[in-house]
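**Student:** Here's the feature list from TrEMBL:
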COMPBIAS  106-116  compositional bias 'Low complexity'
COMPBIAS  197-213  compositional bias 'Pro residues'
DOMAIN    143-190  domain 'LysM'
DOMAIN    227-274  domain 'LysM'
DOMAIN    305-351  domain 'LysM'
REGION    92-135  region 'Disordered'
REGION    195-217  region 'Disordered'
Amino acid sequence: MFQASIIATVGLYATQTFGAALLLWDSDLPLYDHDPDVPADCTLWWNTDDGLSCQTALSIAGVPIADFLRLNPSVKSCQDWKTDRSYCLKASAAPTPTSPPPVASPPEQTSTTSTAPPTPAKPANGIQTPEPAQPGMVDNCNHFHLVGTDDNCWTLANQYGLTESQVHTWNPEVGGPACDNLWTGYNACVGVVGGQPSPPTTTPPTTPPPNATPQPVQDGMVDNCNRFHRVVPGDNCWAVANRYGITQEQIVQWNTGIGGAACGGMWPDYYLCIGTLSGGSPTRPLPAADTPQPVQPGMVAGCKRFHFVVGGQSCETIAPQYGVSIADVIRWNPGAGLDCKSMWANAHVCVGI
């Protein structure tokens, strides 16, 4: 039985009613197996018996990912985080591993006088990489975005005129198509030198060249399709049409198996046709100002442009996509509230009049 004085110890967890205490993260000794090449003078350890993820643990401890990787040389990324293992979080001096570190040290001519510990070296391409950076970022990145709380791979791609595939390729550890490992407060790569990423170990999917059909595709796609969209959860015909400046009728005509105007057969993670070679235009396009349903409460009359809101979006992320101000979005959709916190997901918001 622990003494009451131990119960007051600062840590991630506290004891409950004099029961056995959970192991504390701020331990000065490792309680499990650990990397043999951690610094001999490690003064702070995290013992992973708490079920927390790597990202959550480092956020609580206030330790940058670059420092964590430097102090635990066998760990290449948060994907290597294991339960019932001890990790070094702080040392009184830089680590001196007995085996080669996972990345090369920067060459002498590119070293800086910064007192901050270095992150994995990037080639000298004339562009300074802001820190902290998303783990696994490609070496030839020259354009960066500081990730906000409402960002995801789609919002980044849309903001910078990219494809989601490019965002995944240049930031290979963001979690793939789900994009669930994009770290808030870290810089993501949104552009590379020469316009193409360095060749990765495993070639990721890329945007198909003209007239090449990616797989898998929606049932009933027309043969002359030359432009494609990978459907994500929350997409519908109106949202896709609005994004690419086409009509819902065109989407239905080019993808005959998606369930007609109801668009009930659009499958996530399958490719949808959003453009064709000559001869693929519909004969009866819908009026551009048709109001889709449902809409945000209080939407102004006469709205001519709409956005389908998906979970995680806000006025701050929607406004830049359409070249309007946050104040405009709030004014045209008063039901969203002055702070835009009452905006409904899965309903349309006005983004142009």
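Every residue, even glycine, has its Cβ placed from backbone N, Cα and C.
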**Student:** Residue counts in helix (H, G, I), strand (E, B) and coil for the domain 'LysM' (305-351), per DSSP?
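**Tutor:** With helix first, then strand, then coil, the domain 'LysM' (305-351) has 18 helix, 8 strand, 21 coil.
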**Student:** For a three-state summary based on DSSP, what are the helix, strand and coil counts in the domain 'LysM' (227-274)?
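**Tutor:** The domain 'LysM' (227-274) comes out at 18 helix, 9 strand, 21 coil.
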**Student:** Could you break down the residues of the domain 'LysM' (143-190) into DSSP helix, strand and coil, giving a count for each?
**Tutor:** 18 helix, 8 strand, 22 coil
